[in-house]
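Have a look at the structure below before the remarks.
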Amino acid sequence: MVKRNQRKKSAPKKRLTKAEVEKQRAIKRMILSVLMALLLIFAMLRLGVFGVTTYNMIRFLVGSLAYPFMFAWLIYLFCFKWLRQKDGMIAGVVIAFLGLLVEWHAFLFAMPRMLDQDIFLGTARLITRDLLALRVTEFVGGGMLGALLYKPIAFLFSNIGSYFIGFLFILLGLFLMTPWDIYDVSHFVKEAVDKLAVAYQENKEKRFIKREEHRLQAEKEALEKQAQEEEKRLAELTVDPETGEIVEDSQSQVSYDLAEDMTKEPEILAYDSHLKDDETSLFDQEDLAYAHEEIGAYDSLSALASSEDEMDMDEPVEVDFTPKTHLLYKLPTIDLFAPDKPKNQSKEKNLVRKNIKVLEDTFQSFGIDVKVERAEIGPSVTKYEIKPAVGVRVNRISNLADDLALALAAKDVRIEAPIPGKSLIGIEVPNSEIATVSFRELWEQSDANPENLLEVPLGKAVNGNARSFNLARMPHLLVAGSTGSGKSVAVNGIISSILMKARPDQVKFMMIDPKMVELSVYNDIPHLLIPVVTNPRKASKALQKVVDEMENRYELFSKIGVRNIAGYNTKVEEFNASSEQKQIPLPLIVVIVDELADLMMVASKEVEDAIIRLGQKARAAGIHMILATQRPSVDVISGLIKANVPSRMAFAVSSGTDSRTILDENGAEKLLGRGDMLFKPIDENHPVRLQGSFISDDDVERIVNFIKDQTEADYDDAFDPGEVSDNDPGFSGNGGAAEGDPLFEEAKALVLETQKASASMIQRRLSVGFNRATRLMDELEEAGVIGPAEGTKPRKVLQTN
């Protein structure tokens, strides 16, 4: 009885609550997930025999899609709850994966080696081969599951049709995974089709307009050709000097001596070939001996001059002494350039109102009382002009550049304190979008004088006004900036501007392009003195040829009694107006070096000497330089070069040191690139910020082809640098002297005299670059004059005088 009561008293097991049951299930699920994840990781990494075998077993099921399958399984294990909350996500993934299995198996049985194989047996044979050999080498399509799906689909729709079925499965799966409904998809497709239709219609209209432009251009060229033929026919007609009537060549009976010459090609005459003894000229024979002896054909104007006395004309006859090859030369028109696209800066206006408030609040937080007077929206930056209160020091505002950039969320802020000519301080903040300034837009808005051949539009200031500069007043220009900052585009814009104004007989170019790609497009234009120089060794000699030309011109000016090229050309015009013998004016010469750093590495002394001499004297001789470099360091832009090239154009650089090398002040390190520049001409103390014009390669090619179609290049052999070799004195590939340096004996004598040897001493005493000085030190060591380098200790001199 007692035992029965004890049995009754033993309480049954405590039933778990629902929360505890769920917790145990979650723990079991987590343990299983971790074990399964470890299994999958071993299989994915194929670790040992177990990993390879497990991987091949999964390949047996899903084939070569084993990796995506295992990765999706891992995501499912740890994101189960999240996936359950997404309606259709799991179903979409499964359906899309089945479509991929069909695609993979269709690709497998499209291979030639599987065409006559049974689908199940062929697939199993491939997988079993890898499974037994413990390797993974064969492409097995979608595995046995893929074979199971592919066989009925291929039977019903063929192998090609199975691709479409698999693709439909994938689309259906993606559709289930995304929150789109059928209406959204149809609406999206309809909008895309409408946009394509509109784009097609616009493209069709553009093609029609382009065809019409080509047709009109062809008609224009035909009319111009007809007019040229008419001018040529009229030029060949003979005028009777007594009656002034036009007569046929066969009926012409002119009795004076020069009548026969009227029907022949004009003869190339030197200045003094037919001067009479009693004629008084403005020049002596020796004075113009330097002038080009072969200057091309001239119009035969002697008949006109002879008939002047017979016709008793009191008024002087105006003569044209332009070479015949350039009489019909037409300057390029602005229509050759692509039209500029409209710019929308409405966002900037809204941003300016906000920034004005931010600026005033920021200054107020630092205890500085200022007021924003005005804001000017430029192409690349917006300039806020602020007026500080009385007693506020300017440097307090200048020191807040970084704080202002932080407050305005700007890339960088440049402070101009103060603005030249104003009692205001300028704060330049980059725009959210840079508005491109096209060359055509700048040319049309520029007020440059067309009579000034070297006055070219350069860019737009912050206030939107076009700015021009006259290279003749510069008189030389240094262009420097990092790679991709817009330096080469600016040089192309300057060249194109000059080509738009000047005939080949008015301006000549010498272009030096060691990079071989920037200026080569200008080859064969008649404005070139010689082809574009791409060899750095030849460039040094070419610059020396320009120096020789400068000296020759000064000798000519001295004999004539004029001070500059303008005075000389005026004398030529007066002489040609009063004499039958015609002389051609001297053209302006523009020397363009696109990469100065490369030249300084090859022949620094020769290049620097030539640049310095041209910088000191070439202005009056009508010779101007444009020097461009992407490495604005002091070993490239030396102090003497800076002193003789006073006008500077700085693009974006990496540091304030480079900015000071170019402009002698900071600022260029805060530029934005893409044509954003600081321009400091010779007549201004502070640089001006401009957005340079953009000229595309297509625009340059069009203007070059327009010029080439009119006339051919006529190079001047006097400027040809000739051939160079590795043994030329003063050159070497590493920037020093070649073997057998001509300064070796001088360096040896210097070392023996001072009993000291250092590269810096040779640099100072022999005026050579560092690379050449170190090369001389190596040669002195090889000759046994000095000992080897001993760290920081000076070298020992082994010989005595």
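Cβ coordinates are placed from backbone N, Cα and C, and glycine is handled just like the others.
The transmembrane segment annotation in Swiss-Prot covers 31-53, 58-80, 89-111, 131-150, 155-177. The feature topological domain 'Cytoplasmic' is assigned by Swiss-Prot to 178-801. What Swiss-Prot records for 464-660 is domain 'FtsK'. Per Swiss-Prot, ATP binding site is recorded for GLY484, SER485, GLY486, LYS487, SER488, VAL489, and the stated evidence type is sequence analysis. Feature annotation from Swiss-Prot assigns region 'Disordered' to 715-739. What Swiss-Prot lists as compositional bias 'Acidic residues' is 715-726.
Feature map: annotations from Swiss-Prot on the structure.
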residue	record	CB count, 10 Å
GLY484	ATP binding site	12
SER485	ATP binding site	24
GLY486	ATP binding site	25
LYS487	ATP binding site	26
SER488	ATP binding site	21
VAL489	ATP binding site	20
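In the predicted model, the topological domain 'Cytoplasmic' (178-801) shows an average pLDDT of 78.
Following the DSSP three-state reduction, the secondary structure of SER488 (ATP binding site) is helix.
Beyond the ends of the transmembrane segment (155-177), by six or more residues, the same chain brings 88-89, 91-103, 105-106, 109-110, 185 to within a C-beta distance below 8 angstroms of the stretch. If you look at the transmembrane segment (89-111), the same-chain residues 6 or more away from its ends with a CB under 8 A from one of its CBs are 62-65, 68-69, 72, 76, 83, 117, 119, 122-123, 139-143, 145-147, 149-150, 153-154, 159, 162-163, 165-178.
Nonlocal intrachain contacts for the transmembrane segment (58-80), taken as residues 6+ away from its ends with a CB within less than 8 angstroms of a stretch CB, comprise 29, 33, 36-37, 40, 43-44, 90, 93, 97, 100-101, 104-105, 108, 123, 127, 130-131, 136, 139-146.
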